[in-house]
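> Structure in structure tokens, see below.
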Amino acid sequence: IGALRWHFLLQSLEDLQKNLCQLGSCLLVIQGDYESVLRDRVQEWNITQVTLDAEMEPFYKEMEANIRCLGEELGFEVLSLVGHSLYDTKRILDLNGGAPPLTYKRFLHILSLLGDPEVPVRNLTAEDFQRCRAPEPGLAGCYRVPLPTELKIPPESLSPWRGGETAGLQRLQQHLTDQGWVASFTKPRTIPNSLLPSTTGLSPYFSVGCLSVRTFFYRLSNIYAQAKHHSLPPVSLQGQLLWREFFYTVATATPNFTKMAGNPICLQIGWYEDDERLHKWKTAQTGFPWIDAIMTQLRQEGWIHHLARHAVACFLTRGDLWISWEEGMKVFEELLLDADYSINAGNWMWLSASAFFHQYTRIFCPVRFGKRTDPEGQYIRKYLPVLKNFPSKYIYEPWTAPEEEQKRAGCIIGQDYPFPMVNHKEASDHNLQLMKQVREEQYR
């Protein structure tokens with residue numbers, strides 16, 4: 001993971017430590033291989049119970065199984081609770097008859113049978129901690145939250161997102177204050193290149209576990225109950241939580257979910273391998289200002305709007321470069337604060353038209369799409385200051401500006417900013433034919 005994600009995680013742990021201290025408890029952060037750490041501490045501290053989230057990802061499923069084996073060997077109880085998702089994905093899959101393909105429509109039908117998710121567990125109080133055994137004096141100092149420099153992470157973090165429950169609750173409250181906005185929210189109408197997030201921006205806090213997704217679900221339910229009219233899934237705010245749940249459920253039941261090979265729901269496509277083109281996309285050197293501005297925001301802040309994610313993902317895969325979605329997924333995993341095993345892979349398969357989404361003829365134009373919502377190019381001017389002096393008529397296609405205009409803007413295309421790395425019309429038309437061919441062959 002990248003430096004911004006590390007900072008967000010460490011800030012979240014610091015915030016947790018501070019909040020626990022206010023309740024008379026503390027957080028002990030122990031580094032090392034989990035099996036050897038548990039083996040040592042269970043015996044040294046006479047631990048009788050280990051609690052963890054009910055896990056869905058392969059690595060953590062294996063970890064939970066290993067911890068249960070350790071519990072039988074060393075005599076401690078393992079308490080596994082569903083906390084990261086709204087529902088127990090195993091129950092959803094059981095109602096679906098095991099692990100056959102699950103459509104979103106079928107998924108919503110199953111949720112209607114289950115009813116609303118469980119109410120969030122209440123917050124712990126100082127009285128809860130008074131009943132617990134206090135840690136030995138000095139332990140908190142020995143097992144404090146490490147500093148970034150101790151983990152060899154660059155000390156500076158430019159991201160406007162600060163980790164922790166405190167910041168997450170402030171952001172949640174700020175958005176829920178405008179009940180009219182909440183009730184009328186529809187995902188497609190949000191603006192991908194607004195200078196401030198036009199969505200809630202809560203996803204990093206759910207991803208790390210700073211906020212309870214059930215708390216958000218029920219706060220939304222209360223607002224909907226008081227509104228005369230409100231938007232509905234899949235485009236409402238609650239609908240976004242259900243999409244998250246859908247990807248978790250499918251990922252739980254799908255082998256090799258983060259890979260193309262051996263993934264039963266994924267189209268097998270002969271993507272190009274081109275390290276130079278991949279590097280240009282990753283480092284914001286494609287020559288298309290809107291794409292490069294998005295990738296710059298991603299690297300600087302660790303977050304981009306979901307429609308901006310759609311645009312750069314389509315550009316890398318089926319739209320322009322025909323490079324595997326797995327490569328894009330790895331870049332997002334490194335740089336996105338809300339990178340998540342299930343949602344990251346699911347969305348990349350969707351946007352490359354490898355699974356879930358089949359309207360593959362709809363290709364995002366790297367010029368027109370951004371221009372529709374930000375014709376003056378303010379977003380580009382912020383994240384690509386090299387282009388900030390171009391007139392609005394050229395800001396999305398600076399290579400079309402006359403040489404005198406480029407000189408006045410202080411930016412010569414091909415020298416100070418690259419030419420477009422592909423002809424979008426030719427590349428997208430070619431890739432569309434490739435996609436049609438792949439689908440026809442595999443359907444046969």
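Cβ coordinates come from backbone N, Cα and C, glycine included.
Copied straight from TrEMBL:
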| type | residues | note |
| --- | --- | --- |
| BINDING | 199-203, 240-247, 338-340 | FAD binding site |
| DOMAIN | 1-86 | domain 'Photolyase/cryptochrome alpha/beta' |
| SITE | Trp271 | site 'Electron transfer via tryptophanyl radical' |
| SITE | Trp325 | site 'Electron transfer via tryptophanyl radical' |
| SITE | Trp348 | site 'Electron transfer via tryptophanyl radical' |
> Looking only at Trp243, Phe247, Trp348, the recorded positions on record, which one has the least crowded Cβ, with the fewest other Cβ atoms within 10 Å?
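Across Trp243, Phe247, Trp348, these recorded positions, the one with fewest Cβ atoms within 10 Å is Trp243.
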> Far apart in sequence but close in space: which same-chain residues, 6 or more away, have a Cβ under 8 Å from Trp325 (site 'Electron transfer via tryptophanyl radical')?
Met260, Trp271, Ala313, Leu316, Thr317, Trp348, Met349, Leu351, Ser352, Ser354
> Within 10 angstroms of the C-beta of Glu245 (FAD binding site), what count of other C-beta atoms is obtained when all protein chains are considered?
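Other Cβ atoms within 10 Å of Glu245 (FAD binding site): 22.
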> Run through the Cβ atoms and count how many others sit within 10 Å of the one on Ala339 (FAD binding site).
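Ala339 (FAD binding site) is surrounded by 21 other Cβ atoms within 10 Å.
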> For a three-state summary based on DSSP, what are the helix, strand and coil counts in the domain 'Photolyase/cryptochrome alpha/beta' (1-86)?
49 helix, 10 strand, 27 coil
> Under 8 Å Cβ to Cβ from Gly201 (FAD binding site), same chain, six or more residues apart: give me those in sequence order, or none if nothing qualifies.
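The answer is Trp161, Arg171, Trp303.
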> Non-local Cβ contacts of Leu241 (FAD binding site) (under 8 Å, 6 or more apart, same chain)?
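Set apart from Leu241 (FAD binding site) by at least 6 residues yet with Cβ under 8 Å, we have Leu86, Val213, Phe216, Phe217.
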> Below 8 Å Cβ to Cβ and six or more residues apart, same chain only. Which residues does that give for Ser203 (FAD binding site)?
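Same-chain residues close to Ser203 (FAD binding site) (Cβ under 8 Å, separated by 6 or more) are Trp303, Leu337, Asp338.
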> Quick one: give me the count of other CB atoms within 10 A of the CB of Trp271 (site 'Electron transfer via tryptophanyl radical').
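For Trp271 (site 'Electron transfer via tryptophanyl radical'), the 10 Å Cβ neighbour count is 20.
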